[in-house]
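Novice: Have a look at this one before I ask anything.
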Amino acid sequence: MIQYVYLKHMRKLWSLGKVRSTVLRFSTTNRNASHLIKNELEQISPGIRQMLNSNSEFLEECSKYYTIAQGKQMRPSLVLLMSKATSLCHGIDRSVVGDKYIDDDDLRSFSTGQILPSQLRLAQITEMIHIASLLHDDVIDHANVRRGSPSSNVAFGNRRSILAGNFILARASTAMARLRNPQVTELLATVIADLVRGEFLQLKNTMDPSSLEIKQSNFDYYIEKSFLKTASLISKSCKASTILGQCSPTVATAAGEYGRCIGTAFQLMDDVLDYTSKDDTLGKAAGADLKLGLATAPVLFAWKKYPELGAMIVNRFNHPSDIQRARSLVECTDAIEQTITWAKEYIKKAKDSLLCLPDSPARKALFALADKVITRKK
């Protein structure tokens, strides 16, 4: 009954036009970063909702659900800022690069001088892939809350959530094809495959599920899984933005490396926040990783000091006392600090990768956003 009332209320707000998108929140010193792409970010959610229109209200309601309580929009922000930062790498006529192929009158008439309509569309596609992954993840993880509201699987059930996620990926694929850039299409298509591969790696949890000893391969396995589930989309969408802007292979590689490092650091800090934040701050359940039986970075670092964690990891913390015991072991070591240090190393690599770009407000914003990954609270 509560879910029905909530959805009815949100539909009323939608019809009255009172649902507003929120954009990535920057600290006071970094507000110029959001100002640089404010106009473009305001078009992300409306553009996505337009692409998700269908003749089925039943389908639209679920597929557009996560565009109502808007998230951080980190991924489209990165794509847009990267597009802006790399637009200074050469002097091509950006008013005629690839935009004639986008079948959207609103986008064709949109011009900033630095961000191409095709790059704006890429930012929307990137967020669509992310939203689809959230719909699927919440079913797999039996989530109850997302962005401070009932998760889609709770509001609509598992079947509708999975089908809505599939629908979003299909519409995103159509938008990719309309970019008429085979290299970009291939990059983003591999992201979708990476998301699935990452979920399968997570099912196994460690490289050798029977081993009770911590090995370097456990950390390597964790990083590979983190790339596939989180960093791949960020890395490849950043790289794709430079391809649409006809940048050099060197610049494209740098953009991809920045995205890879940002994405990996983001996942590391996500694992930290699972221990250090509360549900109402995160907008989702804290402590969920141990309940799902996942061996995240803090657990791996604690395992080095407390070998008994090996058996818990192998058994996916299925004993009634395992979760509380594992949490206590993590908290009485410097595992959290080690994870943060590891994330900071990736942030440094991310910033270093962009030193080949001309100094600009957009590049400074990318640096600021990188720092924000470490200091964020949710």
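The backbone N, Cα and C atoms fix where each Cβ goes, glycine too.
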Novice: Given that Swiss-Prot annotates Lys72, Arg75, Arg147 as binding isopentenyl diphosphate, state which candidate in His35, His130 belongs to that site as well.
Specialist: His130
Novice: Take the C-alpha atoms of Arg75 (isopentenyl diphosphate binding site) and Asp141 (Mg(2+) 2 binding site) and report the distance between them in angstrom, rounded.
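Specialist: Given the Cα positions, Arg75 (isopentenyl diphosphate binding site) is 22 Å from Asp141 (Mg(2+) 2 binding site).
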Novice: Taking the Cβ of Arg75 (isopentenyl diphosphate binding site) as centre, how many other Cβ atoms lie within 10 Å?
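Specialist: Result for Arg75 (isopentenyl diphosphate binding site): 25 neighbouring Cβ atoms inside 10 Å.
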